[in-house]
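Just passing along the structure, written as structure tokens.
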Amino acid sequence: MAGVPVGALLPLLVGVCGAVTGSRVYPANEVTLLDSRSVQGELGWIASPLEGGWEEVSIMDEKNTPIRTYQVCNVMEPSQNNWLRTDWIPREGAQRVYIEIKFTLRDCNSLPGVMGTCKETFNLYYYESNNDKERFIRESQFAKIDTIAADESFTQVDIGDRIMKLNTEVRDVGPLSKKGFYLAFQDVGACIALVSVRVFYKKCPLTVRNLAQFPDTITGADTSSLVEVRGSCVNNSEEKDVPKMYCGADGEWLVPIGNCLCNAGYEERNGECQACKIGYYKALSTDVACAKCPPHSYSIWEGSTSCTCDRGFFRAENDAASMPCTRPPSAPQNLISNVNETSVNLEWSAPQNKGGRDDISYNVVCKRCGAGEPSHCRSCGSGVHFSPQQNGLKTTKVSITDLLAHTNYTFEVWAVNGVSKHNPSQDQAVSVTVTTNQAAPSPIALIQAKEITRHSVALAWLEPDRPNGVILEYEVKYYEKDQNERSYRIVKTASRNTDIKGLNPLTSYVFHVRARTAAGYGDFSGPFEFTTNTVPSPIIGDGTNPTVLLVSVAGSVVLVVILIAAFVISRRRSKYSKAKQEADEEKHLNQGVRTYVDPFTYEDPNQAVREFAKEIDASCIKIEKVIGVGEFGEVCSGRLKVPGKREICVAIKTLKAGYTDKQRRDFLSEASIMGQFDHPNIIHLEGVVTKCKPVMIITEYMENGSLDAFLRKNDGRFTVIQLVGMLRGIGSGMKYLSDMSYVHRDLAARNILVNSNLVCKVSDFGMSRVLEDDPEAAYTTRGGKIPIRWTAPEAIAYRKFTSASDVWSYGIVMWEVMSYGERPYWDMSNQDVIKAIEEGYRLPPPMDCPIALHQLMLDCWQKERSDRPKFGQIVNMLDKLIRNPNSLKRTGSESSRPSTALLDPSSPEFSAVVSVSDWLQAIKMERYKDNFTAAGYTTLEAVVHMNQDDLARIGITAITHQNKILSSVQAMRSQMQQMHGRMVPV
């Protein structure tokens, strides 16, 4: 070192080294990339020039640990340019690094004769590189970071006094992008010693905030940048809001956002989620601590989410986990009864122990017990009424009415709360036994007219529901409707029927009936109105002259012959005779023909069930398996064994629990309807179960299920005769219903059931008469939705359901049967179906469908309902086809499957057109004449082979026009194949 001996600096450097090696603990947010004090052995940095510039000096500290330093002190010579370069320093992902330099510098004023050449600064450079083996210093590659000046410099006196003047400077550089970099120190004439060089970058260290752990994160490239970091929840916790923090450029975490919550059964302790201790619990993921188990409960495991109730205590379903466990209440106290004829009033006091709950209510159980045999009791049944209600009472009194006279009753009053069902016990009830007094009979529910003539009405009625003793006699009160009870007559009878004679013809009379026992008369029934006839009925009785009888019979025969002849003549004029009166307006009853009675006309629907359906003891029924689910409950198969009869298989419809009175009434209405029918092609009602739960409807069991599914499952397996036989059975059943003036309204293959002998039976009689306005034309009813595709046009437009609309539906069923269960109108929407039918389109014949059957379908689909055949005519026609199988051999299509285009009855006769132009003009599609000509379709023989793709290819894209053309094409094709006649004479 020119001008200043190196030895003069060594004592001072030893002191300095002792100071800098005392501690090497750095902040947690700093990651060291290079620390010259930690290098074992020589640093081996490259100096330029190799000699006369920077020198590496090794000095021992007080622990005899070598400290490697670099010195330079060429203060005597001008124009110094001494470079010192570090080894390659890996970046390790840092975008900004910091250089900490500890150094000493000689005061130029303390050196004589160097004022022109001595400097008190040096320069710091860096160079980014992916090459860690560069051997030479290329000054032009380096970029200057800063000029470094000393805050304090030392003199010769300081050396003598061993005064330490160590400088520390920190500089940063970035952003960095390559794998590593080199640092360089340029001396321009200073007397300097580099004691240590440390290169580091800053990070935000791993930390836990709000139960979220944030990993070590390197700071951003700029001194003001913030790095967003998403945290992860610690063990046994879950996110409430997404946990985030920002890592600042100084390595400090800023702005915590979001947090995690300890899972159920865990609480926050010392920044962790630790399990709840024994005897504590936590039910939800919240930020609260574990809570001690509420009264009458405990936990025996760490991490409990709830506490177990003590023996005899319970928790209701809606009770929070924080609520104490409770128990059922004790029995009500001080039960008092007051009997008034066939009514009883009960009052009681609240139980002594409410079980720790406030939701106390009361249930009353009524039992009818035999005299002297209190242990032989049975439920009072549904005929007894409770006011305000039987169960869920909030008051401590109840009135019970409609009891039987002179009968022993036991009433139990149960106190219940939210946990009673977990441990029901007789300890929760108090009972009282009473005997009712004598009482008058209850009102009669129903009066029927068995026969009405010009001057008389034959009445019959059932015994009152509660006779309350022996009925001594009945009293009938009647009067003309117009008199409004101002003038009435009384007739008394000991039987439950009577003939009221001497009435005026064509007059409405109102009748009331009441019963009398030893306790007196009961109330009159409600009014029942009947109207006498205008024409006298023929009477043939004892003493009638045989000659007169013979003449009457002969006259009747002649009259029948005349009527038949008139019908034949009329039949020749019209295919089917038009009805003189709409079917739904025919109200007169033919003598000897049973007529359907609508159960909804009964004031008490239960009376209709009792009248038309047989009550079956539930013990006679064995349910075997569930075969389906209906609107009201499950449908099961099972067996019925009635005493004295053989066991049979049955289908069982059940009414699901929790039903309303309306649901029960609607459910049983189907039984009231079915019970009136007796025909081999109508599903047979075996009976009902109404006196216990579940309420059930029992019908015969049909092994093959619904007709549509059965046909799809057996596609193509039946002969045409077999299919026609099925249709004949359905038609026969519908004729029977029509003769009884019953309109089905929902005739479809899905509502026809098939037994093991392929006998088809009409079912599903639960359909409502109430239809909603629905723009989608799918009317909602109590029995489900009626698709438009089965419904006659007048029923859609005017809600006019008649036997004629059932005939339309029967035609659709015929199509379903012959197509083996295909969906009518395929995937067309309801609105498209309505529009197509209105425009005169009809379904084409299914594959291999005989012409005669398709013609019968088209007859059923006549727009005018009076033009449609009656069910009797349909059955006769099917009988003729069955007797003449050859008539079923001619089919309307030779294709493997029918076209999905509807048939248009307005299609022209093939024989009436001779060219494509004539044909297009006939169907009003002449606008497409050029399209056909350009595509080469110049003859009708070529046209009849076209399909929908062909039409689209020649430029006909409108769906309605495609359908119209294709329907006419199909009709022409059929005419060619059949040799005569049109296929769709609608």
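Just so you know, glycine gets a Cβ as well, placed from its N, Cα and C.
So Swiss-Prot lists these for the protein:
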SIGNAL    1-19  signal peptide
TOPO_DOM  20-547  topological domain 'Extracellular'
DOMAIN    30-209  domain 'Eph LBD'
CARBOHYD  Asn235  N-linked glycosylation site
DOMAIN    328-439  domain 'Fibronectin type-III 1'
CARBOHYD  Asn340  N-linked glycosylation site
CARBOHYD  Asn408  N-linked glycosylation site
DOMAIN    440-537  domain 'Fibronectin type-III 2'
TRANSMEM  548-569  transmembrane segment
TOPO_DOM  570-986  topological domain 'Cytoplasmic'
MOD_RES   Tyr596  phosphotyrosine
MOD_RES   Tyr602  phosphotyrosine
DOMAIN    621-882  domain 'Protein kinase'
BINDING   Ile627, Gly628, Val629, Gly630, Glu631, Phe632, Gly633, Glu634, Val635, Lys653  ATP binding site
ACT_SITE  Asp746  active site, proton acceptor
MOD_RES   Tyr779  phosphotyrosine
DOMAIN    911-975  domain 'SAM'
MOD_RES   Tyr928  phosphotyrosine
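Could you tell me the structural context for the features on the list?
Averaged over the domain 'Eph LBD' (30-209), the predicted model reaches a pLDDT of 88.
Spatially close to Asn235 (N-linked glycosylation site) yet at least six residues away along the chain are Glu272, Cys273, judged by Cβ distances under 8 angstroms.
Spatially close to Asn340 (N-linked glycosylation site) yet at least six residues away along the chain are Asn437, judged by Cβ distances under 8 angstroms. When secondary structure is read from DSSP and collapsed to three states, Asn340 (N-linked glycosylation site) falls in the strand class.
In this structure, Asn408 (N-linked glycosylation site) is part of a beta strand by DSSP.
In the domain 'Fibronectin type-III 2' (440-537), helix, strand and coil residues by DSSP number 3 helix, 44 strand, 51 coil.
Around Tyr596 (phosphotyrosine), a 10 Å sphere centred on its CB holds 14 further CB atoms from the protein chains shown.
Cβ neighbours of Tyr602 (phosphotyrosine) (same chain, under 8 Å, six or more residues apart in sequence): Leu446, Ala608. According to DSSP, Tyr602 (phosphotyrosine) is assigned to coil rather than to any helix or strand.
Long-range neighbours of Gly633 (ATP binding site) (same chain, six or more residues apart, CB within less than 8 Å of its CB): Lys653, Thr654, Leu655, Lys656, Pro694.
A coil conformation is recorded for Asp746 (active site, proton acceptor) in the three-state DSSP classification, outside any helix or strand.
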Out of the recorded positions Asn408, Val635, Tyr928, give me the one sitting nearest to Tyr596 (phosphotyrosine) by CA distance.
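Going through Asn408, Val635, Tyr928 one by one, the closest to Tyr596 (phosphotyrosine) is Val635.
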For Ile627 (ATP binding site) and Asn408 (N-linked glycosylation site), determine the Cα separation and express it in whole Å.
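Rounded to the nearest whole number, the Cα-Cα distance is 44 Å.
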C-alpha of Val629 (ATP binding site) to C-alpha of Asp746 (active site, proton acceptor): distance in Å?
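With the alpha carbons as reference points, the distance is 19 Å.
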On the DSSP side of things, how many residues of the domain 'Fibronectin type-III 1' (328-439) fall into helix, strand and coil, could you say?
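The breakdown for the domain 'Fibronectin type-III 1' (328-439) reads 6 helix, 57 strand, 49 coil.
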Which are the residues of the chain, Ile627, Gly628, Val629, Gly630, Glu631, Phe632, Gly633, Glu634, Val635, Lys653 excluded, whose CB is within 8 A of where the CB atoms of the ATP site average out, their centroid?
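Neighbours found: Cys636, Thr654.
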For Gly633 (ATP binding site), name the DSSP secondary structure in the helix/strand/coil scheme.
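Assignment for Gly633 (ATP binding site) reads coil.
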Per DSSP, Tyr928 (phosphotyrosine) is which: helix, strand or coil?
helix
Select the closest residue to Asp746 (active site, proton acceptor) from the following recorded positions, measuring between CA atoms: Asn408, Glu631, Val635, Tyr928.
Glu631
Out of Asn408, Glu631, Val635, point to the one nearest Tyr928 (phosphotyrosine) in space (Cα versus Cα); all of them are recorded positions in the record.
Glu631
